[in-house]
Amino acid sequence: MLRWMGKFKALIMLGIVTLVLTACGKENLTALDPKGYGAEKSMDLMILSTVIMAAVFIVVMLIFTVVIIRFRRKKGQEDFIPKQVEGNHTLEIVWTAIPIILVFILAVPTVMSVFDLADEADASSSINIEVTGNQYWWHFDYAGEEIQTSQDLYIPVNEKVYLDINSTDVIHSFWVPTISGKMDANPENTNTMFIEAYEEGVYWGKCAEFCGPSHSLMDFKIVVVSQEEYDQWVEDMQNVDPEVQVEDAVAQEGQELFEANNCMGCHAIGSSPVAVGPNLTNFANRTTLAGVEDLTKENIVSWLLDPEAMKPGNKMTGNYPELTEDEAGSIAEYLMQLSHSDITPESASN
Amino acid sequence: MSIASTQKRGFGAILWDYLTTVDHKKIGNMYIAAGAFFFILGGLEALIIRIQLVKPENDFISAGLYNEMITMHGTTMIFFAATPLLIGLMNAIMPLQIGARDVAFPFLNSLGFWLFLAGGLLMNCSWFLGGAPDAGWTAYAPLSVVSPGHGTDFYVMGLQLSGAGTLMGGINFLVTIVTMRAPGMTYMRMPLFTWTTFIASVLILFAFPALTVGLFLLMFDRMFGSAFFDIALGGNSIIWQHLFWIFGHPEVYILILPAFGMFSEILPVFSKKRLFGYTSMVFATILIAFLGFMVWAHHMFTVGLGPTANAIFSVATMAIAVPTGIKIFNWLATMWGGSIKINSAMLWTLAFIPSFTIGGMTGVMVAISTADYQYHDTYFVIAHFHYVIVGGVVFGILAGLTYWWPKLFGKVLNETLGKIAFWLFFIGFHLTFFIQHFLGLMGMPRRYWVFLEGQGLDTGNLISTIGAFLMAIGSVVFVYNVIITSIKGEKAPADPWGDGRTLEWSIPSPPPEYNFKQLPLVRGLDPLWIEKMEGNNKMTPAEPLDDIHMPNGSILPFIMTIGFTIASFGFIYQVDHSAWLIAVFGGMAIALGTMLARSLKDDDGYHIHKEDLEKEVD
């Protein structure tokens with residue numbers, strides 16, 4: 001008897017630990033605290049299914065416990081031969097019928113929500129953004145606005161935004177857990193998904209389909225801002241002039257190096273179809289460098305000197321002229337000047 | 001001097017015996033030994049993965065090596081550990097349960113084993129030859145097509161070889177069960193383990209060809225410049241996912257159904273009560289297998305197949321919960337009113353019920369495609385399928401091994417060590433995987449080499465790693481138990497549990513090479529139990545004592561396998577230098593030449609004579 005009590009204690013402890021951890025999850029990363037349409041739909045079904053499953057589990061465990069305690073062979077029962085029961089029709093029908101009913105209860109809302117999330121009726125009247133996965137970064141093309149950016153996706157709050165997702169190389173998957181479930185970025189077709197965020201803020205996005213050595217470093221962000229801020233941001237982005245000279249002397253040197261080394265061959269600044277590497281418009285306002293690192297001058301320098309160390313398997317390594325530390329420093333200084341809008345991730349968080 | 005030379009000859013003779021054997025019991029034991037070896041290998045890879053994830057942004061191993069680890073862990077555990085361990089048990093036990101003297105095609109059985117072993121070893125050679133496969137065990141195109149080096153080539157050829165072996169095994173079991181049942185052993189009197197072997201073999205027969213096709217396409221894309229998966233040239237990479245999962249989902253049932261069968265054998269014996277609802281158990285098994293072919297796209301909810309496909313595959317997947325639920329309740333009802341003896345075989349079985357129930361329930365949860373948009377490719381899915389594969393299949397294998405160990409090797413495993421191993425493994429298992437459900441939902445995708453600091457994932461990952469080490473210690477205790485038992489254990493009688501119900505417990509432990517001196521007459525389900533209840537201590541023979549026809553051993557399967565392996569190396573390296581084509585043609589010549597030799601030379605086997613049989617004591 002005591003042994004089984006001990007086992008239950010362990011189970012209860014496990015339950016408490018899990019509850020604590022459930023509450024934890026990082027804000028704007030966890031799927032357990034949804035702040036968007038898709039994530040909320042998923043959460044509703046998670047809760048419904050968890051409740052049903054927990055009920056079934058409790059029933060199974062009750063029978064299980066009773067059976068083990070009551071029918072365990074005791075001393076002196078070694079020769080006891082139990083009645084050999086073949087089966088019981090009533091019981092068997094009961095435990096076939098009840099699961100069928102439970103499955104039906106789950107199936108109806110599932111089918112409804114699947115079709116709801118695939119609804120494309122509003123696509124033509126909404127913001128449409130082409131999302132392209134690359135090893136190992138994300139490109140965003142605001143088709144209607146003629147804006148191209150990468151890594152940080154700006155969208156207005158409480159507004160349906162349609163994403164046309166594809167890939168240029170292997171399969172990736174676009175996932176922002178707090179706002180919506182994931183959708184694969186396939187090289188052969190475009191998948192459409194809409195997202196709608198309910199709160200302003202900066203949300204973590206992750207690549208969720210295994211895509212190579214730096215799969216775990218392919219993070220991105222969705223920056224959700226108010227409608228006014230979004231309009232302002234769009235205007236700022238449309239007016240970026242890549243030719244404009246920076247003022248600081250070191251940065252100017254960096255700009256010259258940037259041009260002399262033909263960095264624009266891969267990295268566009270401003271609206272441009274070039275997307276071999278990440279578009280660097282508004283680079284200074286990025287949340288991170290290379291997806292996961294802090295955006296500091298030191299980090300940019302170490303990236304420029306040895307990208308492989310930060311992101312194994314990236315496409316930049318070996319495909320640009322070698323730079324001295326000073327040159328890298330100047331370019332970093334230049335890149336840190338590329339602030340094209342006052343609408344920043346900070347303004348979304350406030 | 002003379003003693004030493006005798007011993008030397010003795011070892012050589014034993015080696016030769018195993019290289020040439022066509023005895024299903026010896027082949028079964030070799031499957032189990034090889035499966036255990038690969039299980040330990042896969043386990044070490046798992047520990048390395050867990051060490052890398054013990055803390056955020058760890059640099060224990062590089063990203064490239066980490067990807068090789070996860071790929072090899074998954075591939076090894078599924079193809080070279082779980083599958084062979086189960087096929088080994090099927091091989092050793094199923095013929096005994098139906099009262100047969102061997103499988104239908106003993107030569108093919110041997111070939112199947114050697115091909116599986118060659119495939120497993122070939123793939124692991126890649127560690128020493130420039131790097132293991134690194135595109136995940138699912139090897140999704142185009143990542144697997146562009147993966148540099150020869151790693152993925154080893155994956156393709158290794159799986160192709162071992163897949164052919166498994167397919168042979170499946171066909172062999174099917175024919176054996178259809179044609180070689182003892183007199184009176186009707187289909188509806190077959191033990192559940194034999195039934196699940198039968199159904200799993202049907203699944204092998206229909207599922208493995210899909211994998212074979214996929215692997216051929218991948219092989220030609222990588223080695224001969226075709227473009228099945230190359231989008232730029234009009235190919236399609238999604239087709240790989242379909243082919244892989246049309247195989248991959250039934251594969252899950254190829255693993256879990258035999259485990260179900262083993263639990264259905266163990267529970268009645270240690271409850272002293274016949275299996276509750278035998279008929280519904282059989283039909284639930286068939287239904288699960290049938291539905292198992294209808295649900296592959298639930299691995300692909302986020303691919304963008306559209307709402308109609310997602311809805312259909314959601315509902316079809318949920319439907320599997322119904323027959324699975326029937327099984328769980330039947331097992332509980334089997335114990336109800338019984339006289340339950342809890343030993344280590346039974347502990348694994350009892351622990352299976354709650355563990356697998358959790359795995360089955362999260363299975364229904366991931367079947368809801370709207371919710372799966374969140375679960376997919378995260379640690380939630382990792383947790384789900386480890387609850388199914390470890391809590392179901394591995395618990396089943398360990399239960400089955402403990403239960404049949406005396407029949408396989410003539411000695412009962414030590415109970416105390418068995419229980420220690422169980423508790424360590426059981427607690428470790430739940431520590432490792434329960435928390436991963438939450439890690440997934442908190443935003444940790446699977447196959448992440450590092451997770452970032454300050455994302456609330458630290459504690460969960462630490463707990464998970466601690467659990468993994470407990471499982472490892474449990475496994476070590478189990479292996480120690482095997483070693484100590486083989487040295488010190490006492491010889492087991494024919495029916496060491498005292499309550500054996502099926503035919504394998506009516507013959508000596510381990511059985512003689514011909515299994516049954518006289519084929520038994522089967523009078524119902526649980527034939528030995530029926531005889532016991534009527535006061536007979538043994539089966540009634542169905543035939544007079546007579547000469548027994550036995551197949552001859554043969555080295556040909558081994559040579560054939562060597563040929564195929566040489567050809568595989570040739571295929572892999574001919575990309576670098578066409579001189580390797582010599583290996584391709586040479587290897588194939590050896591293999592085909594051996595086939596020709598086998599076809600042209602009559603091999604009538606031999607007879608064990610009646611007089612010799614009479615001399616042997618029961």
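Yeah, the Cβs are placed from backbone N, Cα and C, and that goes for glycine too.
Curation plays no part in TrEMBL annotations; they are all automatic predictions.
Positions annotated as domain 'Cytochrome oxidase subunit I profile' by TrEMBL: B:10-523. The annotation transmembrane segment is assigned in TrEMBL to B:31-53, B:73-93, B:105-129, B:154-180, B:239-263, B:275-299, B:311-333, B:345-368, B:417-442, B:462-483, B:555-573, B:579-597 (among others).
Beyond the ends of the transmembrane segment (B:462-483), by six or more residues, the same chain brings 36, 39-40, 43, 46-47, 50-51, 53-55, 398, 413-414, 417-418, 420-433, 435-436, 439 to within a C-beta distance below 8 angstroms of the stretch. Only residues 6 or more beyond the boundaries of the transmembrane segment (B:154-180), in the same chain, are considered here, and those with a CB under 8 A from a CB of the stretch are 71, 75, 79-80, 83, 87, 90-91, 94-95, 98, 100, 103-105, 108-109, 111-120, 122-123, 125-126, 129, 132-133, 135, 139, 144, 190, 194, 197-198, 200-205, 208-209, 211-212, 215-216, 218-219, 222, 561, 564-565, 568, 571-572. Residues 19-20, 107, 110-111, 113-115, 117-118, 122, 150, 153-154, 157-158, 160-161, 219, 223, 580-595, 597-598 of the same chain lie 6+ residues outside the transmembrane segment (B:555-573) yet bring a C-beta within less than 8 angstroms of a C-beta in it.
Confidence in the domain 'Cytochrome oxidase subunit I profile' (B:10-523), given as mean pLDDT, stands at 96.
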